[in-house]
Amino acid sequence: MRRTLKAVGAAAAAATCVLAATAGTAQAEAPKAESLYAPSALVLTVGQGENAESAAVERAVTLTCAPRPGGTHPSAAAACAELAKVNGQFARLVGASSDAICTKEWRPVTVSVVGAWNGKHVNWTSTFANQCTMKAGLGEGAALTF
């Protein structure tokens, strides 16, 4: 019994020493830069509701543009190119389409973008009267149509 207690005590002491030694080593390492690019990682959502906080999210995608396009966005490369053209100003992607015929039904749809664009925090939303006005306002652009 005494031998067992001594063996368990010695094993616990050895484990503590190993953990202390590796923890000290991990803290001493300097963080390495992963990229020379400013981060451009976004979460884009479309939801039913008057504002982003209360909208029931129907679709959501991720979009990463630097160093190369990626994420779950179905057209990541085209979306990144479109955002680069407007310098990440999402409001410039929304316009009025004069040839669209939409009902006056009030069933609000909110599009939101949260994340970082070229290293700057982004928190943008736009609310449309219904799905038809959203599609008309977003047009054929790739960034906000997913």
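Each Cβ is built from the backbone N, Cα and C atoms, and glycine gets one as well.
Annotation source Swiss-Prot lists signal peptide at 1-28.
Close to CYS65 (disulfide bond) in the fold, though at least 6 residues off in sequence, lie SER40, ALA41, LEU42, ALA76, ALA79, CYS80, LEU83, ALA84, TRP117, each with a CB less than 8 Å from its CB. As annotated by Swiss-Prot, disulfide bond applies to CYS65-CYS80 (among others), with the evidence given as similarity to another entry.
Per Swiss-Prot, the feature disulfide bond maps to CYS102-CYS132 (among others). In the three-state DSSP assignment, the secondary structure recorded for CYS102 (disulfide bond) is coil. A sphere of 10 angstroms centred on the C-beta of CYS102 (disulfide bond) encloses 16 other C-beta atoms.
When each of the disulfide-bonded residues CYS80, CYS132 is scored by how many other Cβ atoms sit within 10 Å of its Cβ, CYS132 comes out lowest.
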